[in-house]
Amino acid sequence: MTNSVFQGRSFLAEKDFTRAELEYLIGLSAHLKDLKKRNIEHRYLAGKNIALLFEKTSTRTRAAFTTAAIDLGAHPEYLGANDIQLGKKESTEDTAKVLGRMFDGIEFRGFSQRMVEELAEFSGVPVWNGLTDEWHPTQMLADYLTVQENFGRLEGLTLVYCGDGRNNVANSLLVTGAILGVNVHIFSPKELFPEQEIVELAEGFAKESGAHILITEDADEAVKGADVLYTDVWVSMGEEDKFAERVALLKPYQVNMDLVKKADNEDLIFLHCLPAFHDTNTVYGKDVAEKFGVEEMEVTDEVFRSKYARHFDQAENRMHTIKAVMAATLGNLYIPKV
């Protein structure tokens, strides 16, 4: 019999966890953050080996998993797209069975949700989803921890996601918010509304938590009562060929100071999972400006650098929340119930 409700479990999608479990992980994240700030060791994974599989590139996810693993006393091993043969020269099942005999836990960041599920099914060790095309669960813990840090609560708050309403971040914000009792508004063009299956899943959780779900094209309706404005890139990895179409579609959904003022809330915060294209100080930004005449994309530089911005706190919280997930599922902690 295990002493923890989390021990040995994988973290593949938020919908697999109860409200109490997600709240516990957010609370554990805050505790581990405090230990880190006070330089108190918390080596719950001493002697463990962690595989970091990256089919998609990353800055924050890789850095967060690496530093979190080291803080916990584990050894992280990075395996990039050129190091792994998932589904190419070797099946995901076979790869999972090999890695599960060498590593104590596996992180996967890539395209297919089915692939991360197969890793969990066949490896025999906890697997953590660092991002797939469908879900971004580790990001959600960081997002909602950041919201809780700013407001002291989650239930009853209103978060508005602006932009591509059918990407992984929008899916995860919608479902996780519904589980946690957060009102989630998706402000998006109809062409990019979330899939009906995702909306119905969120609505089911919202009935239990009392959260309100809204999907709309109307800016005034979307930001009414907003506590949090959130956006993400207009073009997700693997969709670069749709750039012109997305820029044209999503210009009206940019987070700018006019939208902030519509919310009429001095306590409002702005979140972004990063990277953000808010100026032309990158090769990418310059290229977009030259091709499409847009110098600021999903968020203006004014909002990005404003008093409302909390995205760098949010980015730091990736490390603390990922650490909590790894410790809870692999660290033999005493968590008999939540």
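Any Cβ shown, glycine's included, is placed from N, Cα and C.
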Check: To which of N150, N168, N317, N332 does Swiss-Prot also attribute binding of L-ornithine at the site defined by D232, S236, M237?
Finding: N168
Next item on the list: With S58, T59, R60, T61, Q85, H136, P137, T138, Q139, C273, L274, R318 listed by Swiss-Prot as binding carbamoyl phosphate, identify the candidate in R38, R109, R114 belonging to that site.
Entry: R109
Item checked: Site extent for carbamoyl phosphate (largest Cα pair distance over S58, T59, R60, T61, Q85, R109, H136, P137, T138, Q139, C273, L274, R318, Å) -> 28
Margin query: Of S58, R60, Q85, C273, R318, which is closest to N168 (L-ornithine binding site) if I measure between C-alpha atoms? They're all binding-site residues.
Written below: C273
Item checked: Fewest Cβ neighbours within 10 Å, where candidates are the binding-site residues Q85, N168, S236 -> Q85
Check: Applying the rule Cβ within 8 Å of the centroid of the Cβ atoms of N168, D232, S236, M237, what extra residues of the same chain belong around the L-ornithine site?
Finding: L131, D133, H136, D164, N167, V169, V233, E239
Checklist line | Count of other CB atoms lying within 10 Å of the CB belonging to S58 (carbamoyl phosphate binding site) | finding: 15
Notebook entry, point to check: What three-state class does DSSP give D232 (L-ornithine binding site)?
Noted result: coil
